[in-house]
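First the structure, which I've put down as structure tokens, then a few questions once you've had a look.
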């Protein structure tokens, strides 16, 4: 496990820390996965939190241990997805801040359109499918806890599901915002070309 954390540190060291206005990425053409180590960690904490919760409910008697370890693994997954894998695998970033009026404001960032078009498709596929499937798994576990009237275990599942959904909502809204930027860029480019063509026509006349 220590070796895996060292690998994660190595991956994170490749992400430039130039503030929220800059997104770092690497493009490796011709590879199956552009970032196999990061893909591994993107899946690792999701699988670990789910596996530990399921197995611990069968073999561990202490609810405190189940709660602390499961939520800790889910929180690590939330942090890795939000701050590392989302930026590198799909070129998206989101965060939430409080403005001067005390209101919660969503902030979104994405790479430029040319860079987004060059993102590795398998990296992107893995990112989105594992994001959604993890939430689905927690929903099934929540239903199972409800059926068995286990309010304490439902609390654990509820916290993990909330963290999972937060990333889904954040990155989904970020992707929609990126599409709007693409449409606006395409419209602006088309209008600029039409304007240039008209000006050239009048110049010739």
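Note that Cβ sites are derived from N, Cα and C of the backbone, with glycine treated the same way.
The transmembrane segment annotation in TrEMBL covers 38-56, 62-81, 125-147, 153-172.
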Looking only at residues six or more beyond either end of the transmembrane segment (125-147), which have a C-beta under 8 A from one in the stretch?
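Residues 33, 39, 42-43, 46, 50, 53-54, 77, 81, 85-86, 89-90, 153-154, 157-158, 160-161, 164-165, 167-168, 171.
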Any residues 6+ beyond the ends of the transmembrane segment (153-172) with a Cβ under 8 Å from its own?
49, 53, 57, 63, 66-67, 70-71, 74-75, 77-78, 81-82, 86, 90, 92, 94-96, 106, 131-132, 134-135, 138-139, 141-142, 145-146
State the non-local partners of the transmembrane segment (38-56) in its own chain: residues 6+ outside its ends, Cβ under 8 Å from one of its Cβ atoms.
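Same-chain residues near the transmembrane segment (38-56) but 6 or more away: 4, 7-8, 11, 65-66, 69-70, 73-74, 76-77, 80-81, 84-85, 88-89, 123, 126-127, 130, 134, 137-138, 141, 156-157, 160.
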